[in-house]
Amino acid sequence: MSGLRPGTQVDPEIELFVKAGSDGESIGNCPFCQRLFMILWLKGVKFNVTTVDMTRKPEELKDLAPGTNPPFLVYNKELKTDFIKIEEFLEQTLAPPRYPHLSPKYKESFDVGCNLFAKFSAYIKNTQKEANKNFEKSLLKEFKRLDDYLNTPLLDEIDPDSAEEPPVSRRLFLDGDQLTLADCSLLPKLNIIKVAAKKYRDFDIPAEFSGVWRYLHNAYAREEFTHTCPEDKEIENTYANVAKQKS
């Protein structure tokens, strides 16, 4: 009979269910699904991912989570369906010393991009040509707020003994040089904005927003982000009907 050595921990059984793409198998466009996918990857825990075809939910899923849309999680055979509560549960349960904490150190790292997606949604849904400039201006204002935050050094980066002006921040991500829950929340939305706004409004994030572009370049260099992103065409398909022609 084989037994565990004293102090040996058993890996939890984790299965994440995410929205499937248009082919019914690949990863679909769902920023909340990607958010949890990134968190699990960054935690370094073993887990399985199942894509759910929303056009024909398999019978076993109807039994497992009736009336529930992805993302949802099965953790040691226990179903969890609220993605905010799932995030909190994973952060508390998959904790040091075995797993890293992902909570940001600075509250503003979470808050700074909170209005960006709402401004994008209003912009992409607008069909009135004369109103377009105002919606675009509101979106750019949020990008400017994000850019200012990313270019402003965090307290960790400032030398209190130096008389010189603090330099422009060179940190990789929102809260420092490590990806945190704040990035898992914002990056999937930024990717959607970049793809959909370009496709349907010919909008590019202005090059002058150097902090935003530095952030995106660093993020796209990380597999935890790029390998959890849907294909661009999935994002474009999602917004094909939403982004109606301006009249």
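Any Cβ shown, glycine's included, is placed from N, Cα and C.
If you check Swiss-Prot, you get these features:
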- Glu25, His227: glutathione binding site (BINDING)
- Cys30-Cys33: disulfide bond (DISULFID)
- 76-239: domain 'GST C-terminal' (DOMAIN)
- 1-94: region 'N-terminal' (REGION)
- 1-96: region 'Required for insertion into the membrane' (REGION)
- 95-106: region 'Joint loop' (REGION)
- 107-247: region 'C-terminal' (REGION)
- 151-171: region 'Foot loop' (REGION)
- 30-33: motif 'G-site' (MOTIF)
- 32-52: transmembrane segment (TRANSMEM)
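DSSP assigns Cys33 (disulfide bond) to a helical segment in the three-state reduction.
Neighbour counts of Cβ atoms within 10 Å were compared for the recorded positions Cys30, His227, and the top value is held by Cys30. Separating the Cα atoms of His227 (glutathione binding site) and Cys30 (disulfide bond) is a whole-number distance of 14 Å. Within the same chain, residues at least six positions away from Cys33 (disulfide bond) with a Cβ under 8 Å of its Cβ are Leu16, Val18, Lys19, Ile27, Pro70, Pro71. Long-range Cβ neighbours of Glu25 (glutathione binding site) (same chain, at least 6 residues apart, Cβ-Cβ under 8 Å): Thr51, Asp53. In the region 'C-terminal' (107-247), the DSSP tally of helix, strand and coil residues is 85 helix, 2 strand, 54 coil.
With DSSP states grouped into helix (H, G, I), strand (E, B) and coil, the region 'N-terminal' (1-94) comes out at 30 helix, 20 strand, 44 coil.
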